[in-house]
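K.L.:
One structure coming up, written as structure tokens, with questions to follow.
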Amino acid sequence: MRFPLIAAAAASAASILLSAEAHSDDHRYKKDEHVELWVNKVGPYANPQEAYEYYKLPYCAPETKHHPDDSQTTGRWNEWKVHTMGEHLGGHALRHSGHDIKFLSTKTDAEKCTTKPLTAAQAKQFAKAVQHRWFYQMYLDDLPVWGMVGEMLPKKDTLTLKEKDDLERLDHMTELRDEDIANLHPFVYTNRNLVISYNKDQIVKVDLTSDPQSLEEVKEGVKLEFSLHVQFVETKEEFHSRFDRYLDHEFFKHPIHWFSVFNSFMMVLFLMGLVALILLRTLKKDYARYGLIHDLEDGEYDDDEKEAMLHDKVEDAGWKQVHGDVFRGPHLLPLFAALLGTGWQLVILTLGIILFAVLGPLHGEVHEGRGEVLQATLICYAFSSIVSGYMSGKFFKEYYPTVAKSGNNSGSGNLWQLTMGLTIALLPTVTVVICFCLNAVSLLYGTINTVPFMVILKLFLLWIFVSVPLCVVGTLLGRHANKGTASSFPCRVNTIPRPIPDDVPWYGKPSGLIPLAGLLSFGSIFIELYYVLTSLWNYKFYHVYGFLLGVYAILTIVVGMTSIIVVYFCLNAENYLWQWTAFASGASTAGYVFLYGIYYFVFKTQMHGFLQICFYFGYMTLIAVNLGLLCGTMGHAAASRFVRAIFANVKVD
């Protein structure tokens, strides 16, 4: 365990160092210094992944020096902000708005622009955007602001607003179906008010509101005049807390959230008590019973006493009977070793990212940076590849002699190469296939979630020149870290496998126990899962990383305890094929997570359309696959220590 933990600390430290460099901008301005306003995206509020470039709608840009009316010159309106890989993967496409905003400027005139007469297609675009509750997003000094495209109204002066800004208005609106708009007409907001609050030389708050009096009906041939009013207001709010207004503390720190963690903690106590009962009482009786058998076989009693005691007190069955097979290598050893290696990498990757987020006050809060978590994930994944190679190589080296002894051997060299190849390519292949399909759909629809070719090339180079070599090095280290002989196990492995009984009750069969184990593990995290999914799909910034770290610790314990219980019952039924059973016990949690994802999609969101459905279930599949590998590995690790512990304390000839 030391090696993976060291790798986790190293990966987290690397992410912190790179993040500190990214947060080097102090966001300080001098009077009349330019403050850049970037436009990011536009799209339906109900579909987070259906986001298009801002000028997908026929908006216009102001004719300032940043956007000259001379087509022969280039203004900043044509400038795209440089993005990190994390920003590209997060679906950001920041383009200069063309507005000429100067810090603490006293200019009162609004910057205006007028569109050309709308064509029928452009009018239809605006009408569709208004009907389906489209919104746009901008960034000023790395602070996001949201605005509404328009309203569906019977006539212009019938709108009464109760919300303080456009974002709150979006939260309260629902999309209109075609049959609901028979007597309604699309109106577009043409006047925007941008209020910039500052403290000394730093911007601490940005508010965007759309003027209801500026609503203009969208028709073919109409010219729309858009204007932006900018106002600077002094405030005493501190710069370091400027992002707090985006964090929904009432939602994330609700008493239900605290209660769910407490409830999960009580489940941990229950399972630990159950495992303690097995270890202290049941196993104690088992040891006494098997010790008695050993004494009888050593001839410490006469024949009549032996027969009576064997008949009355000893049942020659149970987990000790499989001591000659319990340390036999699992079926499909190269695949199993690769799954465990990948799972250990995900365990360390998850721990490293959570610690990186928890340490946000030291290097900059991760929710404040666009794509910062994704960027840190890429870095941690690349450097933690050495863990996957090390753990898979170590496991294969340890169990290969038992496979060779049983005659299931196609050559050590070939199996080594297969193990290493599967460890390197297994998870990336699944991820690439899913992401390729999603990227194709995104490209077909023309959304900004399409990953550019150069980003794909950078990801490939990162994998081929960092991840793959580290995995190979890790495999070589793991191969030499453990001798892998039969003497490393508490019991020797028989050459011929013993038969497994068929007539066992349901609680002795893996098929009856694995679903129950997954259900208990899922029960310990499903409330936190709701908060995580809400952050992913409902425009909320997840920031309670302490909760996440606590739930991750609870999940680790629950998965370990349930896997131990499942393995004990299976061994008691003389089923020594415990390795895949232990892995499946933990991995079954992912099945419940995916089913919960379906429930969340149907009852908690208003998502619709082929593109959004593809992205939602594509991402949920990736989440389930990765969580299954992670939990399966943790379950196997706990069960492995349990099996070694109990068989190390029995008397075996």
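Along the chain as shown, the residues are counted starting at 1.
Placed from the backbone N, Cα and C atoms, the Cβ positions cover glycine too.
Whatever TrEMBL says is automated annotation, not expert-curated.
Sequence annotations record features per position, and here TrEMBL assigns signal peptide to 1-22. The transmembrane segment annotation in TrEMBL covers 256-280, 335-361, 414-441, 453-477, 513-533, 545-571, 583-603, 609-631.
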K.L.:
State the residues, same chain only, that lie 6 or more residues beyond the ends of the transmembrane segment (609-631) and have a CB under 8 A from a CB inside it; answer 'none' if no residue qualifies.
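P.N.:
Residues packing against the transmembrane segment (609-631) from afar: 46-50, 339, 342-343, 346-347, 350, 427, 430-431, 434-435, 437-438, 441-442, 445, 447, 449, 521, 536-537, 555, 559, 586-591, 593-594, 597, 601.
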K.L.:
Would you kindly check 256-280, 453-477, 513-533, 545-571, 583-603 and say which stretch has the most C-beta pairs under 8 angstroms to the transmembrane segment (414-441)?
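P.N.:
Comparing 256-280, 453-477, 513-533, 545-571, 583-603: 453-477 has the most Cβ pairs near the transmembrane segment (414-441).
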K.L.:
At a C-beta cut-off of under 8 Å, are there same-chain residues at least 6 beyond the transmembrane segment (453-477) that contact it? List them, or none.
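P.N.:
Residues packing against the transmembrane segment (453-477) from afar: 85, 88-89, 378, 381-383, 385-393, 419-420, 423-424, 428.
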K.L.:
Is the transmembrane segment (583-603) packed against any residues at least 6 beyond its ends, judged by a Cβ distance under 8 Å, and which are they?
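P.N.:
Same-chain residues near the transmembrane segment (583-603) but 6 or more away: 336, 339-340, 510, 513-515, 517-519, 521-522, 525-526, 529-530, 533, 537, 555, 559, 562-563, 566-567, 616-617, 620-621, 623-625, 627-629, 631-636, 639.
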